[in-house]
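S.K.: Have a look at this one before I ask anything.
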Amino acid sequence: MTPFMSIALFVALFLLNSDRIQKAIEICSECLILLNGTNQNSKDQFDSALLQFYSDIYTVLFSAYRHISDYINAERYGRKLFDLYRESGEASRYGNLGTVFESLGQYDKAEEYLQKALVITTEIGHREGEASCYGNLGNVFKSLGQYDKAEEYHQKALVIRTEIGDREGEATNYGNIGTVFKLLGQYDKAEEYLQKALVITTEIGDRQKEASCYGNLGTVFGSLGQYDKAEEYHQKALVIRTEIGDREGEATNYGNIGTVFKLLGQYDKAEEYLQKALVITTEIGDRPKEASCYGNLGTVFESLGQYDKAEEYLQKALVIRTEIGDRGGEASCYGNLGTVFGSLGQYDKAEEYHQKALVIRTKIGHREGEATDYGNLGIVFRTVGDFEASEVCLEKALWIFRDIGDGRKEFDILLGYAVLYLYQYKIKDSLLCLYMCIEKYEELRYFWAPMISSKHHFWSTQECSPQAALYFAL
């Protein structure tokens with residue numbers, strides 16, 4: 001190893017940290033060419049100095065490719081990093097591969113590698129690494145829809161971060177727990193934890209995470225139907241992102257504001273903000289968020305009844321998701337396209353796309369998505385008169401939603417059962433399901449109360465309120 005390469009690595013790290021990713025990749029790639037040529041036949045390839053140098057280069061390349069969402073190359077260098085340490089008798093880098101597989105939507109593999117990393121960090125007493133593993137596993141379980149388990153692991157991470165005085169990590173874990181509570185529909189708790197995260201990030205001057213907290217709180221208020229407050233918090237996040245030059249975060253906030261306007265039924269404004277987000281994500285080469293923008297715009301056009309345009313944008317999102325290997329995002333696109341084809345009366349195609357979504361979500365273990373796909377298939381089968389198949393799908397959806405504790409989706413499926421039985425003139429069965437809907441609604445009234453009392457509450461943006469739906473069905 002020459003002094004030249006040490007300097008080159010230092011420069012690459014500087015470029016990586018200043019967001020000049022492509023230059024960092026070029027320098028590291030040149031270092032590898034020189035290093036591999038110099039040590040091609042050397043027996044001491046894995047002495048401590050060279051081991052550290054290879055490790056540093058692979059780590060920079062791994063981080064750089066992840067930053068630009070090139071998960072194929074990120075996985076490639078993550079594997080090289082793992083192989084390097086395995087051959088040298090140190091296998092403490094399982095966590096890197098775990099995060100790569102999580103990014104790729106391969107959650108079973110992500111959990112496997114992160115659990116191995118957790119065992120090692122616990123055994124050697126590496127408290128910071130242990131907390132990191134718990135936090136990453138919490139993210140995996142969140143992606144899988146296993147929210148109770150996600151909270152458990154994030155709470156374990158929080159305990160360690162607090163004990164070792166890691167304020168930045170503590171804020172991250174508060175934010176993660178808040179996000180889990182949001183997904184569980186426990187919005188008071190979600191707000192409580194996110195506000196704690198916001199206090200810490202403001203105190204330590206972490207403006208990027210402060211913006212993230214504002215954005216997440218905006219999403220919580222949006223879920224509560226408090227859209228004015230949601231827009232206010234997303235705008236606060238946008239101001240910070242713009243000031244610090246965080247183009248990626250800026251795009252995220254434009255997208256979030258666009259989503260708020262979509263929920264308010266202000267589709268022109270929704271399209272305007274989502275298009276701004278799309279421009280930025282395309283410019284900076286953030287392919288996953290570019291796909292997300294196309295997908296969100298597709299759902300806006302679907303809401304406007306512009307189904308051809310909706311299909312066009314959703315297909316663009318699907319192409320990107322497939323190219324970058326985002327299996328979860330790919331499944332989401334298939335599901336949305338299935339809904340569009342259903343609206344167009346193309347029920348064979350609707351079934352085909354919902355089935356494609358179901359296959360992927362079952363394979364990657366995304367239980368919430370799997371249940372959603374069963375529910376969508378139940379609607380398609382009911383519409384075409386295949387009531388037996390519809391009931392089978394609804395039964396599977398109901399079982400999963402109950403198992404993961406998603407009460408709002410359980411309500412939707414019970415209402416779907418009621419409608420299915422009405423189609424078959426099974427009035428007693430339909431009434432029984434409607435009474436179950438009422439019981440479930442009363443059970444969830446605490447969480448829906450803020451929505452109902454809000455000026456722009458959730459149910460006012462839907463086709464009808466739950467009460468009206470029950471009245472109509474009766």
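Keep in mind that glycine also has a Cβ here, set from the backbone N, Cα and C atoms.
What TrEMBL says about a protein is an automatic prediction, not a curated fact.
Computed from a predicted structure; not experimentally measured.
Pulled from TrEMBL, these are the listed features:
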SIGNAL    1-24  signal peptide
REPEAT    91-124  repeat 'TPR'
REPEAT    131-164  repeat 'TPR'
REPEAT    171-204  repeat 'TPR'
REPEAT    211-244  repeat 'TPR'
REPEAT    251-284  repeat 'TPR'
REPEAT    291-324  repeat 'TPR'
REPEAT    331-364  repeat 'TPR'
S.K.: If I count Cβ-Cβ pairs under 8 A between the repeat 'TPR' (131-164) and each of 171-204, 211-244, 251-284, 291-324, 331-364, which range comes out on top?
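M.R.: Per the Cβ under 8 Å count, 171-204.
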S.K.: How does the repeat 'TPR' (171-204) divide up by DSSP, counting helix, then strand, then coil residues?
M.R.: 31 helix, 0 strand, 3 coil
S.K.: Given the model, what does the mean pLDDT over the repeat 'TPR' (251-284) come out as?
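M.R.: Within the repeat 'TPR' (251-284), the model's average pLDDT equals 94.
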S.K.: Tally of helix, strand and coil residues over the repeat 'TPR' (131-164) according to DSSP?
M.R.: 30 helix, 0 strand, 4 coil
S.K.: In the repeat 'TPR' (331-364), how many residues does DSSP assign to helix, to strand and to coil?
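M.R.: Secondary-structure breakdown of the repeat 'TPR' (331-364): 31 helix, 0 strand, 3 coil.
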